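Over in Swiss-Prot, the protein carries these features:
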TRANSMEM  46-66  transmembrane segment
TRANSMEM  268-288  transmembrane segment
TRANSMEM  324-344  transmembrane segment
TRANSMEM  347-367  transmembrane segment
TRANSMEM  379-399  transmembrane segment
TRANSMEM  420-440  transmembrane segment
TRANSMEM  479-499  transmembrane segment
DOMAIN    552-788  domain 'ABC transporter'
BINDING   Gly591, Ser592, Asn593, Gly594, Cys595, Gly596, Lys597, Ser598  ATP binding site
Amino acid sequence: MSTYSRYNDEDEIRNNKISFGDNIKREFLHLKLLLKKNLLVSIRSYFSTGIEILSPIAFIIILFLISHFGSGNENPIVTYNQELPICKSYGENRCFNIMFSPSNSPSAIAIMEMLGEINNNSIYSYPSDTGYLPDLNNTIGLKGGLIMMNSIEDSFEFVLAHPNVTIAAVDFLSIPLGFQINGAPPKNEPLLKMDGNSLEFNVVVNTTCPNILATCPDYSIAITTAIEKAVITYYSQKIRNEKIPPPTISYGSNAFPRYPPEQGAARVWGGLFYYCGSMISFIFLLYKVSFEKENKLKQGMVMMGLSVNQYWISWFITSFTIDILISLITIIVGLACQLPFFLGSNFFVLIITFSLFTISMSSVAFFLLTFIQSTKSAIGIGMGIFIVGSIFQLVFSGMGTMIFELIYQTNSNGALAARIILFFIPMFHFTKVLTDIGNVTTNYPLLTYKFSDLSTDLNIGGTVLKTVIPTTGQSICYLLALIGVYTVLAWYFEHIIPGNDGTSSPPWFFVLPSYWGLSLKKVRHIPTPYFDDEDVRAAITKAHDASNRAPLIICGLSKSYTKLFRPKKTVHAVKYLSLSVEKGTILGFLGSNGCGKSTTIGMLTGLLEPTAGDALVYGHSVISNIAAVRRITSVVPQHDILWAEMTAREHLQLFSELKGIPAQERESQIQKVLDQVRLSKISNNLISTYSGGMKRRLSVAIACIGDPKIIFMDEPTTGVDPSSKRHLIDLVKSIKNDKVIILTSHDMHEVEILADKIVIMNEGVMACNGNSLQLKSKYGEGYSVNIVAKSPESIPAVVEFVTLSIPGCKFMKQSALQLNFGFPVTIDHQIIANFFKQLEEITNDPNNQLMRDWSVSHSTLDDVFLKVSHLAKLKTQ
């Protein structure tokens, strides 16, 4: 069965059910329409779309220009003398020149004693001389010295606990066979090499700049030459045996400073520019979705039958496509600018990195959008995150690898808290990946970053903590995990946070069988309260009659809002509304602002879930089967659901497909409703060129498409010129024959002309129910006479004259010199005729001192409305 059909009888409408397969087709249809709409709006908004997609080009070109035409000292200071460098204290009141290990090697100690003697440095043993980590209480104020450590692992632990306190660590690996101490071979030497004459050691140099704005000295050569000098001096002074030749000195150096290539700015600040180019789409996504929420576009489409799930899926696919496109543009422009980061990296590593980051930020945007209701808030939050993230990138890019070593390899509560918090920030993992890749590609073309490097262990020299620096691949996986985390959070909070439409589910909604379609939602009923008005009581009785087969039956519909932190302050928007509406009837809702009219329509269209009660639309419950209700209903919302970038015809094509109208009937129906609202000649013009009245007429046309059985019209003629308003009124009257139309308006004249039945609501309660004549007869005063007194002094005389002339006359109200009186139509016609004759004679008398003018009319609906509101107010006092 098609999702659209012209129902010929009520039984077909009531029994109509859609199969699982048709439901799937309907979901895909909605997805296709939404994607088409997003594409069309993006193409028409070509300027903003261009900024969103092409922004990476601008940022990378700026980076390219800075890196090629910038100035500054790009190479660190290098020293080449054979003296041991002198340490400087930075964050702590102490510093050490060198740590060396192992402490159980007599030969290593002898060589370092010679180094200390040459450079006037003493040897301190850890922990006996220094105190235990992390306190090192015995070293406060110490400037210089050689610290003897048990192993290189202890040296690493030392550096992690106290960064920038020591220059380097030396780890001896082997001692030659002929080495002597006091003229004899060393006893218990664990490093003795039996088959060679080489002395091997490894130098681990601290290349962490204590000040990211300062240049970092390269002490590796100085320390190595100082140790070589100490070895040679030791052999010449302590070993005087000519048969023992000087050893072959072999050494290695870890953490050697990588000299910046020609484009130093691209290496240091590249992450900031790559981040900025990728984040523009994040801000645009926040704006575009919040715009549809703020302007009720999403709400309007949902009322017309749109699947909410497909709405969000369409935006996810749209943002996913833009994210992939932006990532490709970033990589292509980076390659075109010959930046080493891109030239030296595997393409798949780059596309995965940039795509996962932009997609993860889109997931963050969807999560934030569950709390955002306006474009102003969206732009403010988006720009705030962009600026904070830029500062974040600036600091992290400047500090490089050091910041990740501090975060992951510092054993403190602060570091632990930082690891937990930063894990949930996508830009942190993005920066980590960029830093890892940059550390390799900075040596391009000598080194390139390969796909296999994603699993490279980044913990140089091992780790002494339970935590380790994640591999690049792990950081990428964290981005993938955050996409899932924020997507699930967005899905969850979208259900429990009230949006513009006011709907929300309980926090445990996902465990309810009704959410997954395994059971129907239960309807909560409350006892029927007593109503003074007999017509209201009759309407309730008829609505509750089990034999009632009216197309629309409302039974005890109620809606209350309870404040989270003030549960006693419950606001009752609608209180027990019960009535039924027959086919071919226009029901008009009247009431002041906030009386519950729009809330009632919101419940009947499924935007709001009733607190109690239910409504049946051709037998389908708005609580348990809202999808079936939306297939046969349509809405003219209070706010136009229109996109400025689309034409009227495109809107009607969108909603006709949404309603499931067959393709062969679609064009004829579109043309029909365009003719009905007089928009045919301008149907291909963009909505941005329409006046407010034209937009309102188009909203009425959209509601009429698809031959709906029930149409909800929320103030349909607002902003329409008198001629078009008259035409719309005639249109509504002409289409009502086989339909039910629910109308709300503040225009009493409009309601009086259109409505077959009128309900006046006051503070959420149905105060009265009936047609225009019934209400006027019941609440009106029959005739209404307005008299303009000549002076304030004559007012009492005028009031006395009128009340004495007409039995049962009531003085209704006064406005300055204008007095209003009312009297019932049951008064004898001769008395009325004589009264009007007297009024005419008095006003024509030039010497009269009572009145200037007078007029007479029947009681209007305005009078009825004012009296009903006044009576209701008296009851609540």
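Placement of Cβ uses the backbone N, Cα and C atoms for every residue, glycine included.
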Quiz item: Between the stretches 46-66, 379-399, 420-440, 479-499, which one has more Cβ pairs under 8 Å with the transmembrane segment (324-344) than any other?
Solution: 46-66
Quiz item: Hey, for the ATP site built from Gly591, Ser592, Asn593, Gly594, Cys595, Gly596, Lys597, Ser598, who else sits with CB inside 8 A of the CB center?
Solution: Thr599, Met761
Quiz item: Does the transmembrane segment (379-399) reach the transmembrane segment (46-66), going by 3 or more CB pairs under 8 Å (6 or more apart in sequence)?
Solution: no
Quiz item: So how many other Cβ atoms are close to Gly594 (ATP binding site), meaning within 10 Å of its Cβ?
Solution: 13
Quiz item: Are the transmembrane segment (479-499) and the transmembrane segment (268-288) close enough that 3 or more Cβ pairs fall under 8 Å, when only pairs 6 or more apart in sequence count?
Solution: no
Exercise. Measure from the Cβ of Cys595 (ATP binding site) and count the other Cβ atoms within 10 Å, all protein chains considered.
Key: 23
Quiz item: Which of Ser592, Asn593, Ser598 (the binding-site residues) has the most other Cβ atoms within 10 Å?
Solution: Ser598
Quiz item: Which sequence positions outside the transmembrane segment (347-367), separated from its termini by at least 6 residues, show Cβ-Cβ distances below 8 Å to it?
Solution: 274, 278-279, 281-282, 285-286, 289, 312, 315-316, 319-320, 323-324, 326-328, 330-331, 382, 426-427, 429-430, 433-434, 437, 449, 451, 453-454, 472, 476, 479-480, 482-483, 485-487, 489-490, 493
Quiz prompt | Across the domain 'ABC transporter' (552-788), average pLDDT on the 0 to 100 scale | solution = 85
Quiz item: In terms of DSSP three-state secondary structure, what is the assignment for Ser592 (ATP binding site)?
Solution: coil
Practice problem: Give me the non-local Cβ neighbours of Gly596 (ATP binding site): same chain, 6+ apart in sequence, Cβ-Cβ under 8 Å, ordered along the sequence. | Solution: Lys559, Ala573, Val574, Lys575, Leu577, Met761, Glu763, Gly764, Val765
